[in-house]
Amino acid sequence: MDRVLLLLSVLSLGVSSQPITDSQRLFSIAVSRVQHLHLLAQRLFSDFESSLQTEEQRQLNKIFLQDFCNSDYIISPIDKHETQRSSVLKLLSISYRLVESWEFPSRSLSGGSAPRNQISPKLSDLKTGILLLIRANQDGAEIFPDSSTLQLAPYGNYYQSLSGDESLRRTYELLACFKKDMHKVETYLTVAKCRLSPEANCTL
């Protein structure tokens, strides 16, 4: 929380006075945060898979490949070439939406262990940091043009009491989608951060 307040103070002092230096620092913090979340997502998914029988893994993976993540409704680059062509503001806006889409579902990932209980607060901190970066880079443009009213439906069966098999499937889906989305956000923020370094090679 102290770090968030510090970032807010930096913004209020005017990031425009030193756009490169302040943006680079804010980007470094945001990238570090999403890298931590991505690694955490990978570990949680790996641990969950390890607890399954081989046939359960095969069936759940088969089902997941035929299904969609809730966040797939958020329009994002379809490949690395489109990612590299996207503006910094677009990458930040998509990252913000992806993180925001996990604020509610992430609650079901919490509990049972210290790492799981870190997810929601770390997502909140990351969302705040990305919003600061959007404001610092928007140059008068709308933050979320055309799609500010986008509403995502909850994950399937989220509110229901589920049988053992359905509960297993929902947990697998949530962990797999969380890992997938944190990888996306890490990629988008890393590319956007690289754009601030004219000498850097931002090839994915």
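Just so it is clear, glycine is given a Cβ too, placed from its N, Cα and C backbone atoms.
The annotation Zn(2+) binding site is assigned in Swiss-Prot to H36, E186 on the grounds of similarity to another entry. If you look up Swiss-Prot, you'll see C69-C177, C194-C202 marked as disulfide bond. According to Swiss-Prot, the pyrrolidone carboxylic acid annotation covers Q18. Among the features that Swiss-Prot reports, signal peptide is placed at 1-17.
Structure coloured by features recorded in Swiss-Prot.
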| residue | record | DSSP class |
| --- | --- | --- |
| H36 | Zn(2+) binding site | helix |
| C69 | disulfide bond | coil |
| C177 | disulfide bond | helix |
| E186 | Zn(2+) binding site | helix |
| C194 | disulfide bond | helix |
| C202 | disulfide bond | coil |
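Closest in space to H36 (Zn(2+) binding site), of the disulfide-bonded residues given as C69, C177, C194, C202, is C177, taking the CA atom of each residue. Packing around C69 (disulfide bond) is summarised by its Cβ count: 19 other Cβ atoms lie within 10 angstroms of its Cβ, all protein chains included. Of all the disulfide-bonded residues listed (C177, C194, C202), C177 sits in the most crowded Cβ setting, with the most other Cβ atoms within 10 Å. Cβ neighbours of E186 (Zn(2+) binding site) (same chain, under 8 Å, six or more residues apart in sequence): V31, V34, Q35, H38. For the pair C202 (disulfide bond) and C177 (disulfide bond), the Cα-Cα distance reads 26 Å. Distance from the CA of C194 (disulfide bond) to the CA of C69 (disulfide bond) is 28 Å.
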